[in-house]
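Over in Swiss-Prot, the protein carries these features:
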type: BINDING; residues: 24, 81, 120, 456; note: (6S)-5-formyl-5,6,7,8-tetrahydrofolate binding site
type: BINDING; residues: 226-231, 245-251, 270-273, 335-338; note: GTP binding site
type: BINDING; residues: 226, 245, 247, 250; note: K(+) binding site
type: BINDING; residues: 230, 251; note: Mg(2+) binding site
type: DOMAIN; residues: 216-379; note: domain 'TrmE-type G'
């Protein structure tokens, strides 16, 4: 790749005061800067303690200097790290010294960008650095570290290799028709294609779990008026985020609350009560509620356990089932269990949905059970070696690849169109390449790395 030859410098530690502060340099001038600032020749990859010198050989600070000649460094270039005292004035003096020696200020994420351009890490690994820094829970940090170590990338590479093998077989049959390979009669292409589709489906599911841990899960609270939806929102938020009254229809619009459960981000959405109404404002609220339900990662369907309709809550509002057809993403909340006397409990039903009996208004009434359930939905304390962090753009690329394979399979089985299958396989491979950076536009790379910290 065409890697810039300018030497860059930046403060690599967070703003503010601390015991230690780091200034990082990368580029062809790093070796000369190391000698000028330390006043001596440095042994590569060894820590040297001593003064940091100005142009007039005045002592700016003292600390540890480390020199890593390329390509055996983080960026693949010559890298210098100055580890001094963590005061902002001291660090700024060291940074100014680097600029005097011919360095320029690094852009946000430029060190990681150079590591990517020098094939020291792929794009998914580079993004994992930022995810590890921004992790809001121990599980999110573990997943980000696994992605940084290449767990996610390896899954994508394995899929890509399978696609390449399949493309070779398909395109050989197209280019050499005299070999008379019959796609359908042979059965080999279909079996290979189905194997790739199955593996892609598994990776997509695991990536979705990783994205929930990174970006947060959108939880929509839905149900009839006066079922206790707003009370449940307040209980989860730990404050009076929503107005609670005995008057049906108090909540008429979407109310959003961002909360954390053991460091795990949740975007909780309270919605208008689901009912037929002639009130135009409330009707708009119901429409927005149904839209929120269709977009949710998880739906908490709240029912009043004291009401007769609680016996079959899903039958009360067929539009709900139309918007959220997957029962595995629905948690039925039987609220007001303290009034019915039913035990606080969680039950997984035959169709896949979960039922929790609790009371949103009573202390110690099952809310901890609900919190644990929501954490489990996000993959909290997941010990699987397959867990990794992922981003929304990764999911989009995986979905696009999956759609291309589905389309290619249909073209093959319905029309025997090997040429169309070959094009779909190419598109699927390109989508996977966008995850690791094998196929990425300059605009995409710029957007990704500009979101990083300066010095990373």
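Even glycines carry a Cβ here, placed using N, Cα and C.
Everything Swiss-Prot records as a feature, shown here on the structure.
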residue: 81; record: (6S)-5-formyl-5,6,7,8-tetrahydrofolate binding site; Cβ contacts under 8 Å, 6 or more apart: 12, 22, 23, 24, 25, 65, 66, 68
residue: 120; record: (6S)-5-formyl-5,6,7,8-tetrahydrofolate binding site; Cβ contacts under 8 Å, 6 or more apart: 71, 74, 75, 76
residue: 336; record: GTP binding site; Cβ contacts under 8 Å, 6 or more apart: 228, 304, 305, 306, 359, 360, 361
Inset, instruction - Quick one: of 24, 229, which of the binding-site residues has the smallest count of other CB atoms within 10 A? - result: 24
Inset, instruction - Using a 10 angstroms cut-off on Cβ to Cβ distances, just flag whichever of 226, 230 is the loneliest among these binding-site residues. - result: 226
Legend entry - DSSP three-state assignment (helix, strand or coil) for residue 24 ((6S)-5-formyl-5,6,7,8-tetrahydrofolate binding site): strand
Inset, instruction - Rounded to the nearest Å, what's the C-alpha distance separating residue 230 (Mg(2+) binding site) and residue 272 (GTP binding site)? Just drop the number here, would you? - result: 9
Inset, instruction - Would you mind pulling the DSSP three-state label for residue 229 (GTP binding site)? - result: helix
Inset, instruction - Report, as a single number, how many Cβ atoms besides its own are within 10 Å of the Cβ of residue 272 (GTP binding site). - result: 27
